[in-house]
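Taken from TrEMBL as is:
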type: REGION; residues: 1-26; note: region 'Disordered'
type: DOMAIN; residues: 313-406; note: domain 'Transglutaminase-like'
type: ACT_SITE; residues: Cys321; note: active site
type: ACT_SITE; residues: His380; note: active site
type: ACT_SITE; residues: Asp403; note: active site
type: BINDING; residues: Asn443, Asp445, Glu492, Glu497; note: Ca(2+) binding site
Amino acid sequence: ISGTMSTNEENKLPLNGRRAIPPNYSNDEENEVPEMEAFGLIPRGFNPRDYLRVVDIYMFKDPHEINKQEHHTDKYYNPKLIVRRGQAFQIQIDFNRPYRPETDQFWLEFLMGRYPQQNKGTYIPILVGNVLKPGQWGAKIIHRENNSIRLSIMSSTTCIIGKFRLYVAVLTPFGILRTRRNSATDTYILFNPWCQLDAVYLDDEKEREEYVLNDVGVVFHGNVEDVKSRSWSYGQFEENVLDACLFLMDKAELELSGRGNPIKICRVASAVINSRDDNGVIAGSWNNTYDSGVAPSAWTGSVDILLEYYSSKQPVRYGQCWVFAGVFNTFLRCLGIPARLITNYSSAHDNNANLRLDFFLDDEGKVDTRLTKDSVWNYHCWNEAWMTRPDLPVGFGGWQVVDGTPQETSDGMYRCGPASVQAIKHGHVCFQFDAPFVYAEVNGDIFYTRMEKNGTQVVENIDTTRIGQLIVTKEVGGDGMMDITEEYKFREGSDEERLALEAAVMYGVKKQSIQDTTYQPQTDVDMDFQAQKAVLGNDFKVTITFRNKSHNSYTATTYLSGNIVFYTGVTKREFKKHSFSAKLQPSSSSSFDIVIKSSEYMSDLLEQASFHFFVTARINETGKILAVQKAVVLEIPTLRIKTKGELVAGKETSVIVEFTNPLKQTLENVTLRLEGPGVLRTIKKQFGRIPVNSTLTWEVRFTPMRPGLRRLIASLNSDALRHVYGELNVQIQKP
């Protein structure tokens, strides 16, 4: 009968000529593992109870026990064993009688997925030996007492990441006896930045605490002249988040055997974080209408998004760049890959990666929005993940750019990275993946080009310094800003910068040289544009200053265009037009103030309260054009968070969120959110309206779970006002 053993199930498998087993990319599916695997006919008198039998397996999996403490996994809100690869962990096996090494033989088996195979790393048999070799699977007995033994188990430093099932197998003369399937002994194995042989090894303990273990972070937004920051809850240790992150790899259809490789994981994750072309986690929306979804500005962290996706399997609406980057950061830190969120100010979105952003001007010197396809984002957020790059020449390991925001396709999908930061800095953009695109985001030049009636293009002005002016991330161990621009580029105008550019061009980044164009700028007059710091809902003034360095008198026909824009630099509408003639005396400066009234901008304001001003001036005597553009972001009022009394773990307490409406209009459809990783899961509350000048007060009762320094993060969202945040650090005492 043994020939007809194959079940119906096996016969139906969609096999093809290339592979013997179907694709294996679900960490959740399982196969049946026999408890008795006979070697042939079993004699009648055989009784499994006569042999060594496993009574119990103890995993030391509580947060205070040795495994989670030594593996830095005690913060995960998950009852199962979680260890990091390449580092020993302990389990205890209780048998029905004392273990006799001379005659008894047993081994351990770790299995993953539905088709476990030893050569794929999804079936791992571990024999008990006398010595553990670093970085290789093995087990040795470290303690024996009565019927129990304690084992130290070493996992491989290239082991795949995910959830394994554990069996103990005992050899008898007639077959193998296995323990029953028991989900309590399931073991998660993660990347190990503490282990020198791991591809994600990071040698600085303070950096590991920040980039792997910190579950809150800071997102920098606003613009170069006016950097703003807000907190984001990564929440990588919260309940079910680890399972949700493993599900993302299943969703991305990453073969189980490829899951030990951080390069592959980052590449597929950058595609699955956005919903374009694969029904991924977050649907992006940049058009200020968020029907049947949550406005991107309302999210306070990643947990709600990941858990909603894990349960619904449908894209969560809606995200913009910092939301994609925040969720991506949670995913990377949760699996143990060191990661940080980056903001690039004045980020070029160049449709053809040619290092040239074209802004077309019409006859009057106004920007022609119909012809202008490229845009400059006030800021753009992406992530860096830390890993070695054995697929590249030596020297390109370390921080790698990965970007989950859907901007352009790469190999046919919306994804970006990993691209070596070091390769971008030196212009070696030939190395995979997507380095030319990232290089253009931080290095483009802006060409102001006028279309003549006969169709010829005249370059009127070139701005070589605006793109990628400032690149930042949160500092290690604090909430301040760390300037990392020099990790991406050499100083403007240095020899190294020119060499890096020549290298990038040699490796295929398209660059039009300024010599190719008939471009002779007006060099003896400078024009500058400044905006007063302004609070949302108030009037403010902007100033245009000319400095005439020549001995001639000039007149400048000056045109100011104020636009309400998305933070991506795309215009919604022009709300201010102003032109005037400026008389410029020889060797002197002249300033002109223009008042921007709140009544001019409030009706159309978008959520980031972001304006974009273009100023163009034609020097009448020479016909030359001066051009300058600047983003202005208004100050948005904040939420106040207060606690009542002291906070003790396990004791109910309350927190108060307050907000005063600063606008000259009633706020409608107000939603508040409050969350704090390790303190409370997100709570939402709808308020109908907040009249002018009145204050909303919301009291939330909750019981903090764990002691320590924690952060509460709140957001307010309404039809007319978004991007309102508040935060508070709280110390939760031990009971």
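The count begins at 1 with the first shown residue.
Any Cβ shown, glycine's included, is placed from N, Cα and C.
All TrEMBL annotations are machine predictions without curation.
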Margin query: Of Cys321, His380, Asp403, which is closest to Glu492 (Ca(2+) binding site) if I measure between C-alpha atoms? They're all active-site residues.
Written below: His380
Notebook entry, point to check: Within 8 Å of the Cβ centre of Asn443, Asp445, Glu492, Glu497, which other residues of the chain have their Cβ, at the recorded Ca(2+) site?
Noted result: Thr464, Thr465, Ile467, Gly468, Lys489, Leu501
Check: From the Cα of His380 (active site) across to the Cα of Asp445 (Ca(2+) binding site), what is the distance in angstrom?
Finding: 17
Item checked: Neighbouring C-beta atoms (10 Å sphere around the C-beta of Glu492 (Ca(2+) binding site)) -> 10
Notebook entry, point to check: Measuring Cα to Cα, how many angstrom lie between Asn443 (Ca(2+) binding site) and His380 (active site)?
Noted result: 14
Next item on the list: Take the C-alpha atoms of His380 (active site) and Cys321 (active site) and report the distance between them in angstrom, rounded.
Entry: 6
Next item on the list: Would you mind ranking the recorded positions Asp403, Asp445, Glu497 by how many other Cβ atoms sit within 10 Å of each Cβ and giving me the lowest?
Entry: Glu497
Check: About how far apart, in whole Å, are the alpha carbons (Cα) of Asp403 (active site) and Cys321 (active site)?
Finding: 9
Next item on the list: Rank the recorded positions Cys321, His380, Asn443 by the number of other Cβ atoms within 10 Å of each Cβ, and give the residue at the low end.
Entry: Asn443
Next item on the list: Round to the nearest Å and give the CA-to-CA distance linking Glu497 (Ca(2+) binding site) with Cys321 (active site).
Entry: 28
Next item on the list: Grab the pLDDT values for the domain 'Transglutaminase-like' (313-406) and give me their mean, rounded.
Entry: 90
